[in-house]
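Novice: Taken from TrEMBL, the feature active site, nucleophile applies to Ser39. TrEMBL lists Asp153 with the feature active site, proton acceptor. Here TrEMBL flags 212-257 as region 'Disordered'. Under the heading motif 'GXSXG', TrEMBL lists 37-41.
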Amino acid sequence: MARVALVLGSGGARGYAHLGAVQELRERGHEVVAVSGTSMGALVGGLVATGRDEEFATWASTLTGRRVLRLADPTWAGGGAATAERLMEALDELVGDVVIEDLPIPYTAIATDLLARREVWFQRGPLLPAIRASIAIPGLFTPSVVDGRVLVDGGLLNPLPLSPTAAAIADFTLAVSLQGPRVPGEPESPARGFSVRRAEWAADLRRRLRRGEDAAATGAAVEPAPPSSPQPPVQPQPPVQSQPPVQPPAPVSPLDAVDVRPDMRTSEVVAMSFDAMQSLITRYRIAALPPDVLVTVPLGAARTLDFHRADELIALGRELTRIALDDAGR
């Protein structure tokens, strides 16, 4: 058994993979002794610290697209498209009125102070307001106001909070990033609007990951092609009459281009833009403070708001964690 410092990144619904990562750690007999998280990572991390993550996973597996929309609690108020009040009520039923410093596991949630333009660490005080501040995706969920500070999603500045667990007394640090590149040959996610059944997509992705792992273990390589047979000499051809040079097409002004708009909702554009920014920041964070074990969930695994796909994303997170732990000998 090993003592593990757990770092859970931001990435919306892909954060269900965090639950699978924790399941795999427990299956191996490891103990989580510290946890930090941003956005969905803060939410799952808080549930891990309170010991209610399995109950949350069971509840999340019952969600449908319609129930997710109701939990988001759309609003016409300024600052965001939804308040997430019903979601927070559901979390309150799970964990109750908990104070961070009373948790059995040291816990840190990361939010962003819009006015001060700096990250905020929640390491004391009520748990649920800390989670609510950390999950406030700009433009989607309304900001939280805590002690006069306007707080939004911590992923804006720190999508993978490695620093809070740096001083933890642990055998190794495991970080789960939700900002990974696409796997080579990865099928298009059904969340992107393609006609592939979700279960088939997840199973296919896991098979591709296992094949890559097996190839690396056996040192498989592509065999060179056999030498080709000798070819007869090329016969000279009669000269070809010269043709006038082909004129290149005239450049097209952007003003003359046809206005083709992508088939995306506003929420998707906001979420994908946020993902692009977080991917870059995550790479810098990992380079500055690399974890002992890194689990990377591909961006193509799910859209940010696919919260009705818990089962397959939990299974994917567990599979990716298994591969990462095996590779690290943990």
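Glycine residues also receive a Cβ, built from the backbone N, Cα and C atoms like all the rest.
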Novice: Can you tell me the mean pLDDT for the motif 'GXSXG' (37-41)?
Specialist: 97
Novice: Within 10 Å of the Cβ of Asp153 (active site, proton acceptor), how many other Cβ atoms can you find? Include all protein chains, please.
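Specialist: I count 28 other Cβ atoms within 10 Å of it.
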Novice: DSSP on the motif 'GXSXG' (37-41): how many residues come out helix, how many strand, how many coil?
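Specialist: When I sort the residues of the motif 'GXSXG' (37-41) into the three classes, I find 2 helix, 2 strand, 1 coil.
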Novice: Who sits close to Ser39 (active site, nucleophile): which same-chain residues at least 6 apart have their Cβ under 8 Å from its Cβ?
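Specialist: Sequence-distant Cβ neighbours: Gly9, Ser10, Gly11, Gly12, Gly15, Ser134, Ile135, Ile137, Asp153, Gly154, Gly155, Pro159.
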